[in-house]
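Record features, source TrEMBL:
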- 55-73: transmembrane segment (TRANSMEM)
- 64-442: domain 'Cation/H+ exchanger transmembrane' (DOMAIN)
- 109-130: transmembrane segment (TRANSMEM)
- 142-162: transmembrane segment (TRANSMEM)
- 177-197: transmembrane segment (TRANSMEM)
- 209-230: transmembrane segment (TRANSMEM)
- 242-260: transmembrane segment (TRANSMEM)
- 281-305: transmembrane segment (TRANSMEM)
- 360-381: transmembrane segment (TRANSMEM)
- 393-411: transmembrane segment (TRANSMEM)
- 423-442: transmembrane segment (TRANSMEM)
- 503-622: domain 'Cation/H(+) antiporter central' (DOMAIN)
- 644-786: domain 'Cation/H(+) antiporter C-terminal' (DOMAIN)
Amino acid sequence: MTYNSSSYTTGMDRTARSEEVCLKFPPKVISPGLTALLVQKDKLGKLMDYSGPRLHFQMVVIFVLTQIIHSLLKLLGLPLFISQLLAGILMSPVIFSDEHSLVTISEDSVAVIGSVGALGFMFFMFLSGVKMDLRLTWKSGKLAIAIGLFPVLVSLIFWLMTVKTLHPGGNVFSNKIFHLAVTYSGTSFPVIHSLLSELKILNSELGRLGLSAALIGDMVTLVLTMFSVWVNTGIQKGSKDVLFDVGMAMLYVCILVFVLRPGMKWMVKRTPEAGQIKDTCFYIIILAFMISPRFTALFRVYFFYGPFIFGLAVPDGPPLGSALVEKLDPVVSGLLMPIFATTCGMRFDLSYFKYSTKYAYHQAVGAVVTLIIKFGVSLLLPLLCKMPTRDSFALAFIMISKGIVEMGSYSIMNDSRIISEDIFAHLTIVIIIVASVVPIAVKKLYDPSKKYLCFQKRTVMNSRFNQELRMIGCVHVPGNVNSIINLLNASCPTRECPIALDVLHLVKLSGQATPLFIAHHNQQKASSNKSYSDNVVVAFKQFERDNLGAVSVNFFTAVSPWNLMYEDTCNLAMDRLTSFIILPFHRRWYSDGSIESEDQTLRSLNFDILERAPCSVGILVEGRRNIKGSNSKDTLSPSNSSSYAIAVIFLGGEDDREALALAKRFSQDESVSLTVIHLKAVDSLEFFLAEDERMLDKEMLKDIKASVPLTYIEEHVKDGPETSTFLRSIVKDYQLIIVGRRYRSEDAITLGLEEWCEFREIGIIGDLLSSSDFFGNFSLLIVQQQRKRN
């Protein structure tokens with residue numbers, strides 16, 4: 001059976017567009033297996049005649065090539081997208097002839113892998129719409145609106161002027177020129193979001209500004225794209241057809257906004273609080289998405305944006321948006337999109353540069369001019385608003401970034417004959433260069449951790465004793481609320497030594513693309529109707545009322561990815577002039593030593609904060625529950641005892657001195673019984689401590705002995721095992737034990753214990769006291785003094 005290849009072309013069969021390809025029906029899908037092919041001579045060739053094995057083989061080659069290339073290019077800071085494109089180029093006839101290429105002109109290679117990649121791109125655009133919250137456009141600042149709007153419009157105008165200069169007699173709205181110009185000057189939110197995520201600056205100050213500007217720019221690009229399609233329709237068919245197309249597109253949007261979105265909100269309302277969306281609702285939405293391309297064609301909506309617009313109608317965040325993202329994103333981003341990116345690279349052919357037309361060169365020049373103008377406008381606007389020069393340059397690079405969305409757009413235009421092969425080749429080179437340069441430039445220009453390098457001492461030791469101690473309490477789960485409240489109750493805050501507590505509720509970003517930071521005391525509402533921290537606010541408000549005049553509480557909620565939550569914590573500590581951050585430990589135990597709960601992502605977050613915090617940090621290890629599964633009282637609960645027994649394990653060093661300073665603040669109330677346990681090495685091993693450190697330790701011990709009533713215990717030990725034996729005998733007498741982290745501190749007292757240390761973030765002594773060998777219903781606070789940085 002004979003077909004002209006243009007009837008099913010996906011762009012990879014560029015050499016056969018004027019040829020006829022013979023297809024055999026019914027097509028061969030599943031092979032009879034290697035056993036049946038053993039008797040045949042050309043086993044691999046026969047096996048590749050079947051579309052199933054061919055697709056599987058192509059997928060394996062795609063992922064192997066991509067990982068090999070990325071393992072080399074990631075050392076240069078290049079994104080995975082570049083490796084996927086280069087893998088496609090290597091699989092194309094640029095390297096292999098058509099007869100040896102993995103993508104020969106056949107139904108199997110062209111129709112099957114092309115369709116799989118196209119399906120992945122449709123899902124990607126749909127999920128991009130699901131993650132976006134259009135209500136943030138109204139909350140974007142003036143600078144974000146200006147950066148999102150003006151670079152797109154100004155660069156578009158300059159490109160049209162360039163076209164007029166190169167083609168004085170031409171019509172800028174003919175031959176799809178305007179539509180192509182929009183793709184040059186437009187901004188893609190998914191591309192910028194992916195860039196910021198890969199650079200780990202998504203919820204930094206620059207990242208938030210870039211996301212807001214990208215959201216505005218993407219909406220402007222969407223409107224201009226639809227306008228370019230309608231203009232081209234008007235040129236070809238007339239004004240009546242344009243009005244009809246506009247009316248049908250508006251009808252499509254109205255159906256999504258007033259019919260489908262309320263229906264999906266109704267599904268959300270029927271979902272129990274903190275529950276999962278029903279599978280039936282999930283399947284209904286997927287079915288609606290799968291048939292959306294047909295409706296976009298029916299309603300005259302540009303098919304490139306059809307799934308994207310449908311995704312915008314889905315309520316973002318939990319339970320519906322997060323369920324869609326969590327179930328679909330691993331398959332789409334991990335399997336389907338790499339195939340699509342690689343098939344885009346398969347379309348590229350260097351041979352077309354030899355026969356490029358003058359028009360193709362003009363298009364390449366126009367693309368470069370548009371990028372330069374857009375970069376200049378994106379740079380000028382923040383500079384006028386007094387943004388630092390390096391940050392302004394980094395933001396300008398972010399706004400001109402190109403990626404998979406632009407590559408997909410040009411591939412679709414290539415398949416649709418909107419652009420020729422030589423134009424596609426030029427634009428592919430432009431995208432590869434821009435996508436490679438931008439991440440490297442942004443990483444060199446912008447380092448968010450530099451703002452944490454403050455020269456001011458923000459420690460408990462350096463805070464004035466008669467002034468409030470500014471603290472941050474980080475909350476992840478409801479159990480953390482009681483732990484922090486009980487710790488502060490144990491400190492017995494007074495009007496003479498008050499505490500200013502900032503409660504930061506850290507919530508994982510799920511089902512949406514834009515991080516949120518909500519300051520509840522400023523009555524800043526979230527961009528949606530979701531309430532993240534009501535229970536946390538109620539609990540700490542009650543704590544504030546119980547300690548009226550001694551404690552003031554402010555509430556914040558940060559919704560961001562787990563691996564970037566340290567940015568929210570450290571930024572808040574900088575803005576609020578915080579001296580001490582309380583972090584919950586990632587593991588909780590029962591009294592018999594068994595693990596109640598554990599979260600490795602929380603442990604990674606604690607490490608990030610310890611490394612970057614602009615102040616002192618404490619990790620709170622909760623006391624063990626008495627009865628497994630019961631709601632036993634906490635060790636630090638005021639109802640447990642009229643007196644709190646607090647012990648400080650002092651070995652020496654800056655972290656231990658910070659622990660003593662904190663204990664001094666905690667022991668101002670008569671109900672607190674403080675014990676300082678000073679562990680000293682035997683005389684022959686005291687050389688481990690430097691002379692200046694010993695002098696500072698003596699001064700600190702002398703000061704606390706003169707300031708507060710305490711019990712002082714001095715114990716000489718010779719090594720780690722002896723230290724362990726002594727501590728095991730005394731820890732059961734206390735409700736709260738405070739120790740310094742002392743990470744990487746060489747000491748005879750801990751000699752032999754470091755090799756058994758499981759949790760480096762709480763130090764050797766902290767790890768020892770939290771082990772199952774130490775029985776006792778006590779809580780543990782590990783203190784790290786503000787780190788000195790160059």
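For all residues, glycine too, the Cβ spot is worked out from N, Cα and C.
No curator has checked TrEMBL annotations; they are predicted automatically.
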Other than its close neighbours in sequence, what residues sit by the transmembrane segment (360-381), given a CB gap under 8 Å and a spacing of at least six beyond its ends?
143, 146-147, 150-152, 154-156, 158-159, 162-163, 166-167, 180-181, 184-185, 392-393, 395-397, 399-400, 419-420, 422-423, 425-427, 429-430, 434
So which of 142-162, 177-197, 281-305 has the most C-beta pairs under 8 Å when paired with the transmembrane segment (393-411)?
177-197
Report the mean pLDDT of the predicted model across the domain 'Cation/H(+) antiporter central' (503-622), rounded to a whole number.
84
With a Cβ cut-off under 8 Å, give me the same-chain residues at least six positions beyond the ends of the transmembrane segment (142-162) that come close to it.
172, 178, 181-182, 184-187, 209, 212-217, 219-221, 224, 365-366, 369-371, 373-374, 377-378, 381-382, 385, 395, 399
For the domain 'Cation/H(+) antiporter C-terminal' (644-786), give the DSSP counts of helix residues, strand residues and coil residues.
66 helix, 35 strand, 42 coil
